[in-house]
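Database features (TrEMBL):
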TRANSMEM  14-33  transmembrane segment
TRANSMEM  45-61  transmembrane segment
TRANSMEM  81-104  transmembrane segment
TRANSMEM  116-138  transmembrane segment
TRANSMEM  158-182  transmembrane segment
TRANSMEM  217-238  transmembrane segment
TRANSMEM  244-264  transmembrane segment
TRANSMEM  276-296  transmembrane segment
TRANSMEM  302-321  transmembrane segment
């Protein structure tokens with residue numbers, strides 16, 4: 001929505017309505033089937049690479065490029081190094097976050113043993129290279145002071161590199177890219193609540209595990225996800241929401257990394273469709289990194305961390321209510 005009003009010169013008052021329309025359209029699209037959602041994801045992936053490649057190529061060969069100077073770095077707004085590092089880290093982790101969501105689709109993969117590691121490694125590797133080169137192009141297009149805190153940095157950089165017409169074309173490509181990213185979260189997110197319904201770990205589990213008759217897409221899970229998205233849209237502070245989500249997700253990510261050791265020890269002979277490569281060093285490095293993210297957020301953004309933990313803990317009573325409900329049904 002922010003990119004669209006910047007492109008068309010519309011009023012900022014349209015940000016929330018456009019965001020809501022986007023959420024509804026993507027939910028409706030994914031209700032038509034996982035195959036269609038995957039096609040949209042693949043198409044937007046291809047389309048999003050076009051403006052990215054254009055910005056990278058023309059940005060790096062730009063004869064009028066800015067002098068690239070990263071040092072010395074001074075944290076803005078009179079904050080400490082740890083606070084500045086944590087803020088940048090949470091934003092970066094949100095940008096990379098899609099890799100772990102691939103696991104939500106593993107049950108629908110024909111050969112997860114082969115395709116899951118390929119998807120994760122190639123996805124992370126390509127994303128890392130793209131972010132590295134496109135940020136280099138941004139820094140050569142605009143002064144770092146103009147990029148810091150800029151919500152339309154990509155569009156402004158494209159404008160500086162390619163002029164008005166080229167900048168607008170690239171901005172349209174960026175819009176497609178963002179739409180595809182939200183589609184990915186929509187497609188994988190609804191399957192989390194569905195999986196909880198299948199495992200009876202969520203209230204109204206028998207409703208959450210129901211799918212649409214023809215397309216076999218989780219119905220209630222998708223509608224609840226849409227409702228939560230609309231509520232979050234009205235909250236308005238995107239950076240606060242993403243930082244809180246990343247903090248909470250990395251609590252669970254770190255526990256997942258630790259669970260690899262527990263499962264390997266408890267069930268050494270269990271047939272595994274996918275095994276972590278580089279065991280035990282890769283999980284150890286992941287645990288160290290995840291622990292740093294969680295602890296640094298607690299120290300630097302305490303109120304955000306407490307709110308995120310508080311909202312998460314609300315799930316505990318509902319979990320025990322569901323377990324009690326299941327036990328009563330078993331007795332009956």
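Just so you know, glycine gets a Cβ as well, placed from its N, Cα and C.
Outside the transmembrane segment (116-138), and at least 6 residues removed from its termini, the chain residues within Cβ reach (under 8 Å) are 49, 52, 55-56, 58-60, 68, 95-96, 98-99, 102-103, 106, 109, 147, 153-154, 157, 161, 273-274, 277. Long-range contacts of the transmembrane segment (81-104) within the same chain, counting only residues at least 6 positions beyond its ends with a Cβ under 8 Å from a Cβ of the stretch, are 75, 116, 119-120, 123-124, 127-128, 131, 181, 184-185, 188-189, 191-192, 195, 239, 242-243, 245-247, 249-250, 253, 293, 296-297, 299-301. The transmembrane segment (45-61) shares the most Cβ pairs under 8 Å with 158-182, out of the stretches 158-182, 217-238, 244-264, 302-321. Between the transmembrane segment (217-238) and the transmembrane segment (302-321) there are fewer than 3 Cβ pairs closer than 8 Å, counting only pairs 6 or more residues apart in sequence, which means the two stretches are not in contact. Below 8 angstroms of C-beta separation, residues 90, 93-94, 97, 100, 270, 276, 279-280, 283, 286-287, 290-291, 293-294, 297, 301, 304-305, 307-309, 311-312 of the same chain, each at least six residues beyond the ends of the transmembrane segment (244-264), sit close to that stretch. Residues 82, 85-86, 89-90, 93, 117, 246-247, 250-251, 253-254, 257-258, 260-261, 264 of the same chain sit 6 or more residues outside the transmembrane segment (276-296) yet have a Cβ under 8 Å from a Cβ within it. Distant neighbours of the transmembrane segment (14-33): 1-2, 4-5, 40, 179, 182-183, 186-187, 190, 212, 214-217, 219, 222-223, 225-226, 229-230, 233-234, 236; these residues of the same chain sit at least 6 beyond its ends, with a Cβ under 8 Å from one of its Cβ atoms.
Long-range contacts of the transmembrane segment (302-321) within the same chain, counting only residues at least 6 positions beyond its ends with a Cβ under 8 Å from a Cβ of the stretch, are 201-203, 240, 243-245, 247-248, 251.
Within its own chain, the transmembrane segment (158-182) has Cβ neighbours under 8 Å at 3-4, 6-7, 22-23, 26, 40-41, 43-45, 47-48, 50-52, 54-55, 58-59, 62, 98, 137, 141-142, counting only residues six or more beyond its boundaries.
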